[in-house]
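Contents: one structure, followed by commentary.
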Amino acid sequence: MALRSINKLNVFVKRCATTLLYCRHKSAPSALNTNSASSPTSTNSSRNNNNKNEDDNRNNKNGFSGYSWRSAIRFFVPFSLGALASTMVAQREELTPTISARTLNGRRREFNFIADVVAGCADSVVYIEIKDTRHFDYFSGQPITASNGSGFVIEQNGLILTNAHVVINKPNTMVQVRLSDGRTFPATIEDVDQTSDLATLRIQVNNLSVMKLGKSSTLRSGEWVVALGSPLALSNTVTAGVISSTQRASQELGLRNRDINYLQTDAAITFGNSGGPLVNLDGEAIGVNSMKVTAGISFAIPIDYVKVFLERAAARRKKGSAYKTGYPVKRYMGITMLTLTPDILFELKSRTQNMPNTLSHGVLVWKVIVGSPAHSGGLQPGDIVTHINKKEIKNSSDVYDALADGKKELDIVILRGVKQMRVTITPEDP
């Protein structure tokens with residue numbers, strides 16, 4: 001643009017040169033008359049000046065004197081540069097808003113890929129509430145919410161997938177499902193596998209939005225994923241992150257009797273997100289949100305493992321023999337827990353200052369269900385169970401064994417930060 005303006009300036013000056021030449025020749029006779037009336041000395045001086053001007057004119061290919069060019073430059077250059085600057089500013093003011101708007105709109109469409117994923121699959125995510133039928137709200141008279149979680153629709157006729165720990169092990173309760181459009185339905189539990197921590201629910205409604213199931217075997221570390229659910233009863237909540245590992249063995253997490261390689265992600269999976277989908281950028285579920293250890297470390301059950309569970313559940317339904325599988329229902333305490341393996345302990349110690357360096361084993365209390373025996377006994381999320389009835393607790397299986405002992409009360413030693421405490425819990429019979 002600047003070169004184009006300079007070329008225009010050059011053409012402008014050349015066109016004005018003719019006018020300058022004409023003005024100079026028009027003024028020449030008067031100059032000669034003046035010289036003829038002067039003294040001889042003046043005549044000689046004028047003749048010398050005329051000879052000098054003629055020499056200058058011969059040296060200048062355009063036929064202008066040095067004085068004439070200097071006059072032209074002295075007049076036209078400031079004027080033309082001002083015009084050039086005005087033209088450039090005007091063109092810039094005209095073009096800049098258009099370029100900025102086009103660029104920003106393009107960025108919004110190009111980089112808001114998370115919003116596109118959510119728009120395509122959020123309608124299939126549901127909120128699950130577990131209502132305690134023995135306790136009622138003082139004002140509404142309705143059963144209070146004992147716990148909550150998430151799930152997602154996998155069949156149009158009302159089949160919903162979630163975690164087993166969301167819907168079982170709480171006696172005297174009922175399950176309620178709220179859809180993304182606000183409609184609420186009672187639900188029945190169809191299949192439960194506590195070994196894999198998976199369950200299916202059924203609500204009596206048709207033509208629901210269905211979540212597409214992808215392939216977790218094709219995932220790579222570093223891929224973007226989106227976790228959907230209802231943390232803390234906040235429906236339709238979205239968090240995003242990347243896959244940190246595609247092969248986190250259950251043994252590394254201290255989960256015995258589970259032959260699962262979990263998906264590890266830094267997408268936030270908090271209370272209430274359990275059972276919700278972990279989806280890829282194609283809007284396909286590639287995992288089921290399961291648990292969180294600490295900020296930036298969460299785990300999901302791979303969808304390929306989930307498909308095996310769903311195939312077996314479908315076969316049982318066809319035979320009319322759908323039933324609960326896995327561990328038998330034990331006495332109820334009301335917690336979700338995670339074994340503290342050496343790797344998890346290292347991560348926790350590096351992220352917090354409130355953990356003793358001497359701690360080498362235990363079970364982390366990840367979630368406490370409100371109104372449960374654990375809640376009534378004083379357990380809190382973040383507590384670390386180290387002993388039950390004077391026996392060391394090294395993994396979650398030791399806690400299940402303590403529940404199966406049949407003792408009426410459990411004397412539990414916990415670490416809350418750096419402080420050691422004791423709590424007493426009376427589990428409920430199934």
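Any Cβ shown, glycine's included, is placed from N, Cα and C.
Among the features that Swiss-Prot reports, active site, charge relay system is placed at HIS165 (among others), with the record citing similarity to another entry. Neighbours of HIS165 (active site, charge relay system), defined as other CB atoms within 10 A of its CB across all chains, total 25. Reduced to three states, the DSSP call for HIS165 (active site, charge relay system) is helix.
Sequence annotations record features per position, and here Swiss-Prot assigns active site, charge relay system to ASP197 (among others).
There are 31 other Cβ atoms within 10 Å of the Cβ belonging to SER274 (active site, charge relay system). Swiss-Prot lists SER274 (among others) with the feature active site, charge relay system.
Here Swiss-Prot flags 30-51 as compositional bias 'Low complexity'.
The domain 'PDZ' annotation in Swiss-Prot covers 333-418. Each residue in the domain 'PDZ' (333-418) gets a DSSP state, and the totals come to 24 helix, 25 strand, 37 coil.
For 30-61, the entry in Swiss-Prot reads region 'Disordered'.
For 147-310, the entry in Swiss-Prot reads region 'Serine protease'.
Here Swiss-Prot flags 83-86 as motif 'IAP-binding', drawing on sequence analysis.
According to Swiss-Prot, the transmembrane segment annotation covers 72-90, on the basis of sequence analysis.
A Cα-Cα distance of 10 Å separates ASP197 (active site, charge relay system) from SER274 (active site, charge relay system).
ASP197 (active site, charge relay system) counts 25 other C-beta atoms within 10 Å of its own C-beta, drawing on all protein chains shown. It is 9 Å from the Cα atom of SER274 (active site, charge relay system) to that of HIS165 (active site, charge relay system).
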